[in-house]
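Notes for the one structure printed next.
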Amino acid sequence: MLIRNPFKDKYYSHDRRALNMLALRVPGLAFILMIYIASIVLQFVSGGWSILLLYAFTILIAIFALLHWHSYRWVKKRVILYFAVQGLITFALANLMTGFFILVIIGLYAFLIGQIIGMADRRRTFLILYLLLLLVINSAYHLHKGEVLHFIVIAAPIMIVIITYAATFFAQVDEKIKAQLTLERLELAHQQVEQLTLQNERQRMARDLHDTLAQGLVSLNMQLDAIHVHLAKGNTERAKEIIQQSMKRVKSTIADARSAIDDLRSKSEEIGVLKERITSLMDHFIESTGMACLLDYRLHQVLDVRTAENCYYIIGECMTNAAKHAEAKTIWISIWDDEKGRLHLTVKDNGKGFDVEKGKKKRGHYGLLGIQERVRAINGQFNIKSTKLKGTQIEITVPIQGEMQDE
């Protein structure tokens with residue numbers, strides 16, 4: 001994912017050198033203007049310039065400043081061309097000066113060397129040598145033998161100060177760019193975490209509502225169908241019994257729904273012994289559907305609340321699917337742990353079975369999807385086997401985060 005440029009989106013977003021040049025545009029332009037004004041004042045004070053030379057000097061300085069202003073555009077492919085042109089312009093400007101006033105132009109050479117520090121990488125040494133060569137030629141042309149030592153004594157400190165300032169400036173710009181990019185990456189990561197948190201919370205809400213309200217309503221619907229059949233046959237006593245069971249089931253569903261809503265508001269509390277909850281769930285299904293439910297519980301470790309809660313809802317969803325879709329007569333539930341600290345959960349029925357691949361792709365059936373999401377939420381592994389007319393078997397393996405119980 002692209003990170004927005006701290007200065008301008010349209011510029012080279014990830015090019016540190018281009019950003020350095022962007023940061024240098026205004027202070028660099030001010031420095032060039034200072035060189036221009038100082039050169040004009042000194043030459044006119046000495047009385048050694050004509051109007052024609054003034055025009056030529058002004059035009060060259062303007063071109064130099066214009067190229068500097070757009071230096072960020074030269075970074076990627078035309079770095080050598082940029083410094084070659086700027087070096088020649090500086091060379092020409094120095095030749096327009098007279099006598100010792102070439103010291104003013106030293107500032108432009110030092111300025112270009114400072115730009116090389118922030119703009120060029122592998123070709124830095126070559127470009128610096130190129131500019132120093134031009135400076136030596138300028139100095140040799142303008143200075144007499146007796147002036148060379150004075151020139152070096154004055155010019156060297158000036159260049160060192162300007163180059164040091166440029167290096168410090170670019171180092172500060174680099175740190176600022178890194179800080180801004182880091183801040184933007186952190187903000188982006190924070191937004192992504194918020195989005196993922198919201199998405200996960202929505203998925204959890206969908207699972208909880210499905211595992212409470214949807215399962216309860218499915219069970220109630222089956223009981224109402226049974227009541228209708230018994231009333232049609234005149235078996236009012238049995239219909240009354242099922243109505244009583246339905247009322248209990250409605251109360252239980254309401255309680256589960258409230259528990260799910262409370263869970264959205266606060267952290268999950270301990271849900272009790274898993275075996276007792278599964279047994280209670282099986283009793284409800286036996287009463288409402290007439291199915292036979294067999295439990296093989298050989299768990300020796302205490303499950304954390306999250307794992308126990310998800311296992312409970314997975315079993316409930318499997319039983320609902322077996323009653324609603326598979327038309328099963330018997331359900332076998334097995335729970336055990338192994339020596340490697342893993343929980344094994346198997347739910348098997350003798351229903352009509354189904355095509356597993358088509359079942360995974362079928363839209364609108366949140367049961368299988370909900371099981372997969374719950375298994376993923378507890379870092380488990382999920383496997384489903386189904387054969388037509390022979391039933392379905394769901395196998396789940398989950399790492400246990402608990403301690404061994406005392407025998």
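Glycine is no exception: its Cβ is also placed from the backbone N, Cα and C atoms.
Residues or ranges marked as topological domain 'Cytoplasmic' in Swiss-Prot (evidence: sequence analysis): 1-25 (among others). Across the topological domain 'Cytoplasmic' (1-25), mean pLDDT in this model comes to 56.
Per Swiss-Prot, the feature transmembrane segment maps to 26-46 (among others).
The transmembrane segment annotation in Swiss-Prot covers 47-67 (among others) and is backed by sequence analysis. Packing against the transmembrane segment (47-67) from elsewhere in the chain are residues 29, 32-33, 35-36, 39-40, 74, 82, 85-86, 89-90, 92-93, 96, 98-99, 108: each is 6 or more residues past its ends and has a CB under 8 Å from a CB in it.
Taken from Swiss-Prot, the feature topological domain 'Cytoplasmic' applies to 68-78 (among others), supported by sequence analysis.
Marked as transmembrane segment by Swiss-Prot on the basis of sequence analysis: 79-99 (among others).
Among the features that Swiss-Prot reports, transmembrane segment is placed at 100-120 (among others).
As annotated by Swiss-Prot, topological domain 'Cytoplasmic' applies to 121-125 (among others).
Per Swiss-Prot, the feature transmembrane segment maps to 126-146 (among others); the stated evidence is sequence analysis.
Here Swiss-Prot flags 147-150 as topological domain 'Extracellular', drawing on sequence analysis.
What Swiss-Prot lists as transmembrane segment is 151-171 (among others). Same-chain neighbours of the transmembrane segment (151-171): 20, 23-24, 27, 100, 103, 106-107, 109-111, 113-115, 117-118, 139, 143, counting only residues six or more beyond its ends whose CB sits under 8 Å from a CB of the stretch.
Per Swiss-Prot, the feature topological domain 'Cytoplasmic' maps to 172-407 (among others); the stated evidence is sequence analysis.
Taken from Swiss-Prot, the feature domain 'Histidine kinase' covers 201-402.
The phosphohistidine annotation in Swiss-Prot covers H210.
Across the range of the topological domain 'Cytoplasmic' (68-78), the DSSP-based residue counts are 6 helix, 0 strand, 5 coil.
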